[in-house]
Amino acid sequence: MSRMRVLAAMSGGVDSAVAAARAVDAGHDVTGVHLALSRSPASDRVGARGCCTLEDARDARRAADVLGIPFYVWDLAERFETEVIDEFVADYSAGRTPNPCVRCNERIKFAAVLEKALALGFDAVVTGHHARLDEDGTLRRSVDPAKDQSYVLGTLRPEQLAAARFPLGDSTKAQVREEAARRGLAVADKPDSHDICFVASGDTGAWLRERLGPRPGPVVDAETGETLGEHDGAYAFTVGQRRGLGLGRPAPDGRPRYVLEISPATSTVTVGPSSALDMRSLVAERIVWPHDGPVSCTAQVRAHGGVVPAVVTARGDELDVRLAEPVRGTAAGQAVVFYDGDRVLGGGRIRSLAA
């Protein structure tokens, strides 16, 4: 590969630091950039949770210093608020369960950052995602199935992938950490972030309550129609949720209850048995799907979930998906990504599901 001018997105974690290091090793002209995405005072606390804290910015700068590359911080907080946070709140308010990491990749890392990078004369953007990218732009799973991130990249458009580089796709997480230690990077043992980066407390329900205020309503049994209790905000629930329903009494048959449906218009949360969560078909919107005719493939509906055989048919700007096996606890708003083996075929956002 010829020498390129490369922008390395550095989150302050071990993956992005090693990805930047490998770009340097490849002979590219590398500049590091950290994205300032949050203006919450909680993100500036030492030990704050998430992935865009002041401590993360410092870790990214230290890694850039070790690598001997220029380093900058880009303030994208306003666009992140509009494109990711506002939509996250709107989705929960509408009874959907969003994946903000997917949205961030679509609208921030491979849109806002990519646009600015190309305008500044960079040839590509390097990130620490665990995924592989063929020379023809085909996205594939990482060799490390436990850390594979192709799912959160599966709705990127071909033109976005064309300017992306994922140097870690052929390495396991253990190998990445070992390499970071050999290179003297202080983030070698830094824990992975598992929280929603802009919810510093880690309590999504409480965070939404601050934004949306109380919206009380009933918790209703799907089988009997009985009102079992009250809640102060349907947005604090997700389809498939079992704990924290606040019912105070078990079902007559002793079976646990799960959230089956959220109705924002009436602020009603409907609960019932786990069997009612099984869905065998779905409709996807906001699709990336460059294929004709029905396609037999596998579908993944969770970032760390398994795949199920599926037949996908394009109908205008939506996809009709028939599943060979039921998926349980899947909600509208989640991403669905389709695979042929380890090759990503495309994806979209789930609009609706049916049994």
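A Cβ is built for glycine as well, from the same backbone N, Cα and C atoms used for every other residue.
With Ala9, Met10, Ser11, Gly12, Gly13, Val14, Asp15, Ser16, Gly128 listed by Swiss-Prot as binding ATP, the candidate from Leu35, Leu114, Leu118, Leu139 annotated for that site turns out to be Leu35.
If you draw a 10 Å sphere around the CB of Ser11 (ATP binding site), it holds 25 other CB atoms from the protein chains shown. Within the same chain, the residues at least 6 positions away from Ala9 (ATP binding site) whose Cβ sits under 8 Å from its Cβ are Ser16, Val33, His34, Leu35, Lys109, Val113, Val125, Val126, Thr127, Gly128, listed in sequence order.
The shortest Cα-Cα distance between Asp15 (ATP binding site) and any of the recorded positions Cys104, His129, Cys197, Gln334 is the one to His129. Considering only the recorded positions Ser11, Gly13, His129, Cys197, Gln334, Cys104 (active site, nucleophile) has Cys197 as its nearest partner by CA-CA distance. Using a 10 Å radius centred on the Cβ of Gly13 (ATP binding site) and all shown protein chains, the other Cβ atoms total 21.
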